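Here is what TrEMBL records for this protein:
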- Asp67: active site, proton acceptor (ACT_SITE)
- Asn136: active site, for ring-opening step (ACT_SITE)
- His138: active site, proton acceptor (ACT_SITE)
- Glu143: active site, for ring-opening step (ACT_SITE)
- 9-228: domain 'Glucosamine/galactosamine-6-phosphate isomerase' (DOMAIN)
- Ser146: site 'Part of the allosteric site' (SITE)
- Arg153: site 'Part of the allosteric site' (SITE)
- Lys155: site 'Part of the allosteric site' (SITE)
- Thr156: site 'Part of the allosteric site' (SITE)
Amino acid sequence: MQIVILKNAAEVAAYGADIFTQQLARNPGSVLGLATGSTPVALYQELIRRNQAGTVSFSKAKTFNLDEYLGLNGEHPQSYRYFMNEQLFNHIDINKENTHVPPGDAKNPIEACKEYEARISAADGIDVQLLGIGRNGHIGFNEPSSGLTSRTRVKTLTKATIDDNARFFAADEYQPHLSITMGIGTILDARKVVLLATGENKADAVHAMIEGPLTAACPASALQMHRHAVIVLDEGAASKLKDIEFYKHIEAENQKLQEYLASL
Ligand code: GLP
């Protein structure tokens, strides 16, 4: 894992935006894996700003979102499809037909999960997958005990996740307890993975992901198996890491290596 520790959430968002900007510059037809939650919002705002300034284009890109609430259609304000339209797609030059979010209103959700996997494969897989992390270490909606090689499927949410996400729902509003989520195996198949975490309330999960054992008890620890996972943290999210000075040292050396390679 490449562990990047930055001062604050704004720097994390800019770093993440750089990764997507560079990816699209290299290959305008890239397949991007996207995420919801509050963490990626600042990154999306930065991508919108860059798109409107003409420094990045999504006109040939395809996107696949990690997850969706089962039981909500895309017009529901709490659905992740609605979130993506509002937070990103409505403001950039992407062709909406090239954007994919698991269908929360599928008549046959089991079949819809298989179709979602097939669509990702037909697009030749995901180039860069963006991730956040839940306080219990979940990625997408892969809750603790998720199979480490799992594929897109219907998943029950933990009480912790339901409580964490209750802030988005009105008190009398129906809040789904089920989701469709890419599996951990699906996520690990992405050619590059970028996980963003900000704030001290993520520090325990971040510590478990990076320094704990590889275990289904912390689904994000599966990224230890990925050949190109970049973990981008602010000081708060990094605050419980034991080897923080070592990670900063590696990054400084990495910068020097990049400069050396560029000079050859
Ligand atoms: C939700 C999403 C995850 C996200 C997590 C953390 O449960 N399914 O993809 O990473 O919340 O969200 P936040 O960034 O708001 O802390």
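The first residue you see is number 1, and the count goes up from there.
Keep in mind that glycine also has a Cβ here, set from the backbone N, Cα and C atoms.
Bear in mind that TrEMBL entries carry predicted annotations, made automatically and left uncurated.
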Of Asn136, Arg153, Thr156, recorded positions neighbouring ligand 1, Cβ under 6 A: none
Asp67, Asn136, His138 screened against Thr156 (site 'Part of the allosteric site'), Cα within 10 Å - retained active-site residues: none
Structural state of Glu143 (active site, for ring-opening step), classified by DSSP into three states: coil
List of residues, in chain order, with Cβ under 8 A from that of Ser146 (site 'Part of the allosteric site') and at least 6 apart: His138, Lys155, Gly183, Ile184, Ala216, Pro219
Asp67 (active site, proton acceptor) to Arg153 (site 'Part of the allosteric site') - Cα separation in whole Å: 10
For Glu143 (active site, for ring-opening step), the number of other Cβ atoms found within 10 Å of its own Cβ: 21
Per-residue pLDDT averaged over the domain 'Glucosamine/galactosamine-6-phosphate isomerase' (9-228), given as an integer: 97
Cα-Cα distance linking Arg153 (site 'Part of the allosteric site') and Glu143 (active site, for ring-opening step), given in Å to the nearest integer: 12
Set of same-chain residues at least 6 away whose C-beta sits under 8 angstroms from Asn136 (active site, for ring-opening step): Glu143, Pro144, Thr158, Ala160, Thr161, Ala205, Cys218
Which of His138, Arg153, the listed recorded positions, has fewest other Cβ atoms within 10 Å: Arg153
Cβ-based isolation winner (fewest other Cβ atoms within 10 Å) among the recorded positions Asp67, Lys155, Thr156: Thr156
